[in-house]
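Encoded as structure tokens, the structure appears first; notes follow it.
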Amino acid sequence: MDAQTDDKAQGKCPFVHAEHGRTNRDWWPKQPNLQILHQNSSLSNPMGEAFDYAKEFKSLDLNAVIADLKALMTDSQDWWPADFGHYGGLFIRMAWHSAGTYRIGDGRGGAGGGQQRFAPLNSWPDNVSLDKARRLLWPIKQKYGRKISWADLMILTGNVALESMGFKTFGFAGGRIDTWEPDQSAYWGAETTWLALSNDPNNKHSRYSGDRDLENPLAAVQMGLIYVNPEGPDGNPDPLAAARDIRETFARMAMNDEETVALIAGGHTFGKTHGAGPADHVGSEPEAAAVEQQGLGWKSSFGTGVGKDAITSGLEVIWTQTPIQWSNHYLENLFGFEWELTKSPAGAHQWRPKNGAGAGSVPDAFDPNKRHAPSMLTTDLALRADPAYEKIARRYLENPAEFADAFARAWFKLTHRDMGPRARYLGPLVPEEELIWQDPVPAVDHPLVDEADVVALKEKILSSGLTVAELVSTAWASASTFRGSDKRGGANGARILLAPQKDWAVNEPQKLDKVLKALEVIQADFNAALSGGKKISLADLIILAGGAAIEKAASEAGQKITVPFAPGRTDASQEQTDVHSFAPLEPPADGFRNDVPAKLAEISGHLLVDRAQLLTLTAPEMTVLIGGLRVLGANTGGSKHGVFTTRPGVLSNDFFTNLLDMGTEWKPAAEDGVYEGHDRKTKAVKWTATRVDLLFGSHAQLRALAEVYGCADAQTKFVTDFVAAWTKVMNADRFDLI
């Protein structure tokens with residue numbers, strides 16, 4: 001009897017993969033996670049590689065969708081009744097929480113991709129009941145199918161909710177393409193329990209250190225929250241302390257004080273919170289719920305579990321007298337009453353007017369015969385306690401039109417911040433106004449260079465005296481700021497000339513200035529000689545120069561290739577560039593240029609993979625780029641670490657052949673994070689390397705890839721693959737080419 005038959009006889013499951021076993025990540029958690037480089041492949045996408053979402057969205061009758069959404073707002077369902085007979089507040093929260101996971105630190109999170117449908121977001125404590133919101137939307141999604149993504153539909157629904165309650169929104173852009181699996185690249189924190197308190201001695205993975213310094217790139221105060229704890233920091237009902245948390249988390253979402261006040265005051269003009277009873281009545285989140293609940297979670301045993309008995313946050317707050325109508329009542333109430341601390345029926349900290357003021361002024365969500373006093377959250381009172389917030393809030397109170405405009409703009413920014421430039425916006429509701437946070441670039445207003453011009457330019461570039469290393473590193477510095485997460489950065493705009501990028505240490509400002517000045521001379525002379533208004537932008541010239549250098553380096557390796565080049569980039573101005581907003585695009589470390597501070601050396605492999613993921617690279621693409629950039633001399637500061645070749649500037653596969661040479665023995669050097677490669681026989685030092693370099697020989701999967709490029713017959717494949725990966729990075733922000 002074989003083992004599987006024996007297992008059946010004993011009533012055991014013969015399929016061990018059905019049981020919970022430890023993964024490689026469990027056994028070796030310090031190894032870089034290459035899985036994040038292979039997310040959202042065609043293997044997980046049911047729509048197929050030929051699916052063109054932009055084309056489908058353009059064929060959508062958007063007015064019909066909006067009409068259906070407006071009808072849905074007041075079509076209350078018994079299985080999840082609408083507060084005040086209107087789902088507006090619920091759908092605003094759904095859209096807000098879809099977009100509000102965005103953080104400027106790495107551009108991850110946000111509404112793009114519709115990640116609220118998947119773990120962990122679909123089961124975060126802050127997203128209780130949003131499973132019902134999406135289920136209410138299903139008939140509309142089902143009706144319009146592929147023409148509108150879940151990601152777009154959730155944001156559009158939030159807009160329609162606002163419009164249906166009398167508020168004029170700033171606009172709406174489609175173009176968010178659904179993903180079909182959870183995003184494994186986003187770091188949400190190291191805590192192992194939901195809502196772990198930062199001051200809990202049992203929380204060994206607190207996201208805070210020092211004087212409440214929040215770990216980067218996180219933008220929420222606790223695991224499972226979007227921003228802040230509405231009861232105050234760690235549940236402490238201190239409005240001033242809450243203001244500090246609000247300012248930090250909203251700033252990490254790229255919001256300033258005025259936008260923050262507008263969002264909180266505008267959003268809390270509508271709807272209510274839900275805390276009808278104790279939290280122990282609430283069942284498991286969707287990911288842990290029973291299969292018969294069909295993806296719905298948090299089933300409540302308190303009363304009917306819905307409507308007047310609903311428990312979501314545990315808070316029971318109605319802010320205004322007209323919770324389904326736009327008004328200035330939120331600010332009027334905030335400053336019109338003095339507030340005292342109380343508790344919700346669930347025992348959560350909230351606030352009510354002192355001395356019974358305001359009693360009977362606020363409607364009940366379900367009983368027309370019941371009335372209430374208005375109520376507030378600790379985070380609402382923060383807008384009054386913090387001097388800067390108070391000044392802004394009082395100005396909005398006295399100027400309702402300014403408040404409405406500020407909220408409309410802040411809401412648009414909230415819901416579109418991760419979409420990248422306006423070139424990606426789709427639909428008839430896109431606002432005409434160009435906004436600084438969209439990283440605008442000028443439109444192309446001149447004929448572009450042709451093939452003959454490109455050939456002539458390459459000759460001028462290669463005879464300019466600039467080296468292969470200088471040209472390649474400058475092009476890489478320009479293009480590699482791109483982030484696939486929020487579609488920011490990249491070569492278009494030539495912001496490598498502008499603050500803050502021109503001053504980043506990794507870009508070697510003095511060397512960069514030399515290269516750019518030389519290219520500007522070539523640009524000026526060439527444009528002056530052209531006729532018919534034809535021009536080349538500096539943004540294009542930087543990329544063309546990098547390609548010309550690579551062609552030269554490949555030729556010296558005995559291989560003739562042409563690096564693809566597509567003109568069409570333009571040059572942005574400093575006035576079109578928000579210096580503060582661009583600062584987070586500066587990489588803490590750039591393994592591609594072997595620029596890693598000593599304090600980050602231990603995690604340099606993780607940082608490299610993270611950077612590769614933001615550049616939308618696969619593991620093979622990352623590998624071939626490292627090998628090519630090293631031999632081309634693109635290291636910051638001209639460092640020789642990882643330059644495993646005796647012929648730098650030649651596009652050879654020497655990095656891989658020498659890394660994999662068993663005649664070399666590697667040992668730590670005296671300098672932190674640096675290693676020496678000794679000849680096993682003579683003991684002489686042959687090479688020096690960083691942890692990033694050696695990762696391609698030590699990490700089993702990366703070594704397997706390195707072996708492909710280290711073979712005797714791999715030179716042609718290496719050059720071909722390097723050029724393809726290089727071109728992908730150079731064109732990463734060319735949405736006009738898609």
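The backbone N, Cα and C atoms fix where each Cβ goes, and this holds for glycine too.
A C-beta separation below 8 Å, combined with a sequence spacing of at least six in one chain, links His97 (active site, proton acceptor) to Gln116, Asp126, Asn127, Leu130, Ile226. In the three-state DSSP scheme, His97 (active site, proton acceptor) is classed as helix. The active site, proton acceptor annotation in Swiss-Prot covers His97, and the record cites sequence analysis as its basis.
Shown in sequence order, Trp319, Thr320, Tyr330, Leu377, Asp380 are the residues of the chain, 6+ apart in sequence, with a C-beta less than 8 angstroms from the C-beta of His268 (heme b binding site). Among the features that Swiss-Prot reports, heme b binding site is placed at His268, with the record citing sequence analysis.
Per DSSP, the region 'Disordered' (352-371) is made up of 3 helix, 5 strand, 12 coil. Here Swiss-Prot flags 352-371 as region 'Disordered'.
Look at Swiss-Prot and you will find Arg93 tagged as site 'Transition state stabilizer'. For Arg93 (site 'Transition state stabilizer'), the same-chain residues 6+ apart in sequence whose C-beta sits under 8 angstroms from its C-beta are Leu130, Ala133, Gly267, Gly271.
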